Amino acid sequence: MASSKNGTVLFVSLMILLLISTGVKAYCERVRSRSAPHDICKKKNGNAVCKEKCWTIEKYQNGRCLILPKTTKLDCYCYHFDQC
């Protein structure tokens, strides 16, 4: 009987860990802004406008002009956590 409980606890723990790890990854993902103009990052206040668009229109907590490793140009990206 103890072996059955240990197996159940291990299975539930593994499922919780799996759910947390996949949820955090999707929550930290940086997404190209759909509402910000493509040339916004070339302007003096580009980061501020990018953050405002991400916050008010797309409901993300943060937004910033970034060059991601897969891209070669500066674009506005939205994301939830600053530490991602």
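Cβ coordinates come from backbone N, Cα and C, glycine included.
Quick look at what Swiss-Prot annotates:
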SIGNAL    1-26  signal peptide
DISULFID  Cys28-Cys84  disulfide bond
DISULFID  Cys41-Cys65  disulfide bond
DISULFID  Cys50-Cys76  disulfide bond
DISULFID  Cys54-Cys78  disulfide bond
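What Swiss-Prot annotates, mapped onto the structure for a quick look.
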{"residue": "Cys28", "record": "disulfide bond", "CB count, 10 Å": "13"}
{"residue": "Cys41", "record": "disulfide bond", "CB count, 10 Å": "21"}
{"residue": "Cys50", "record": "disulfide bond", "CB count, 10 Å": "26"}
{"residue": "Cys54", "record": "disulfide bond", "CB count, 10 Å": "25"}
{"residue": "Cys65", "record": "disulfide bond", "CB count, 10 Å": "20"}
{"residue": "Cys76", "record": "disulfide bond", "CB count, 10 Å": "26"}
{"residue": "Cys78", "record": "disulfide bond", "CB count, 10 Å": "25"}
Where does Cys78 (disulfide bond) sit in the DSSP three-state scheme?
strand
Report, in whole Å, the straight Cα-to-Cα distance of Cys78 (disulfide bond) from Cys28 (disulfide bond).
10
Compared by Cα position, which of the disulfide-bonded residues Cys41, Cys54, Cys65 is the closest one to Cys76 (disulfide bond)?
Cys65
Fill in the CA-CA distance, Cys54 (disulfide bond) to Cys65 (disulfide bond), as an integer in Å.
11
Length of the line joining the Cα atoms of Cys50 (disulfide bond) and Cys65 (disulfide bond), in Å:
7
